[in-house]
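Chemist: TrEMBL feature annotations, pasted as is:
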BINDING   V9, G10, I11, A12, S39, R40, R41, Y93  NADP(+) binding site
BINDING   C277, C288  Zn(2+) binding site
DOMAIN    3-120  domain 'Gfo/Idh/MocA-like oxidoreductase N-terminal'
DOMAIN    128-240  domain 'Biliverdin reductase catalytic'
Amino acid sequence: MFGTVVVGVGIAGLARIRDLMNPMPSSPSEHLKLLGFVSRRSFGNINEAEQISLEDALRSKEIHAAFISTENRSHEEIIRMFLEAGKHVLVEYPMALSAKAAHELWEMAERKGKVLHVEHIELLTEEYKQLKKEVAGKELVKGTLHFTGSVLDETKAGFPAFSGIARLTWLIDLFGDLTVTSATREEQKDKNYSRMTVHFQTANKKPLTWIEERGPGMRREKKINFCFTSGCLENFPQAPRSAVGLFMQDQNLFARKLLGQVSKEELAAEKWRILQCLDLAGMIQQQCEQPESICS
């Protein structure tokens, strides 16, 4: 059994507490035992889970793994603390708000022989699984992924290339290694509006565009337009509803890693994808923040 603690009790943290207290029968998650949660706010207990201090969580020899569900800007510091304390870590994406920090944390986890698992539930949705099947084996000509959503506080969530890394993860997972050819950002600060536009090339020199657009009242939505030699895909394929929740699927994967049930090849591919996305996010931020790229 692996004793666990949940750090942060927002929407994701509450889902983690729920799933840890109600693991799927006969699943790897049955090897995880919730021993408490950490929050800056005072709760006492949540669903019989006991609130404990961060210091106690770090010191406890019974806690072997931490689930980090805090705001993005604090991920790096909290990951570092738990790895230093000799704990395994599951963290919601993005694992850090700079590529340099992400590489350092990964090296630290490897040095200490600990699992560092970054949640990417966007790859576990039935919608995405069906899309990946639809795209498999097709030759890309050009493509666009356009995301819209409500306003985020960037001081907490980070630059859009990091807070929106789920979209970048889709593109890397679908089309392989990408090169940034240009990245710009339009901001209308008086209207709380932001639009980031990134142009990529695939390894086969095919163009891909990622647009991340946010503003007050904007509906959370993804639009695709992927054109292949065989035709264009403009709508998501119909997908059945999954019988297993996304956080539970992710929790099972983390438990499998702790139990040594994930192959070295799978782990290496996942590490490459996560760090490559963070490297690209850093390049995108750098290009967007060049003075000539900013429109007010």
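Glycine is no exception: its Cβ is also placed from the backbone N, Cα and C atoms.
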Chemist: For a quick check of packing: other C-beta atoms within 10 Å of the C-beta of R41 (NADP(+) binding site), how many?
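Modeler: Taking every protein chain into account, the count is 6.
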Chemist: Within 10 Å of its Cβ, which one of these binding-site residues (V9, I11, C277, C288) has the largest number of other Cβ atoms?
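Modeler: Max Cβ neighbours within 10 Å, all protein chains included: C277.
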Chemist: Fewest other CB within 10 angstroms, which one of the binding-site residues G10, A12, S39, R40, Y93?
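Modeler: Ranked by other Cβ atoms within 10 Å, the binding-site residues G10, A12, S39, R40, Y93 bottom out at R40.
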Chemist: Measuring Cα to Cα, how many angstrom lie between C277 (Zn(2+) binding site) and Y93 (NADP(+) binding site)?
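Modeler: On Cα coordinates alone, these residues lie 11 Å apart.
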Chemist: Could you check which of the binding-site residues V9, A12, R40 is the closest Cα neighbour of C288 (Zn(2+) binding site)?
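Modeler: For C288 (Zn(2+) binding site), the spatially nearest of the binding-site residues is A12.
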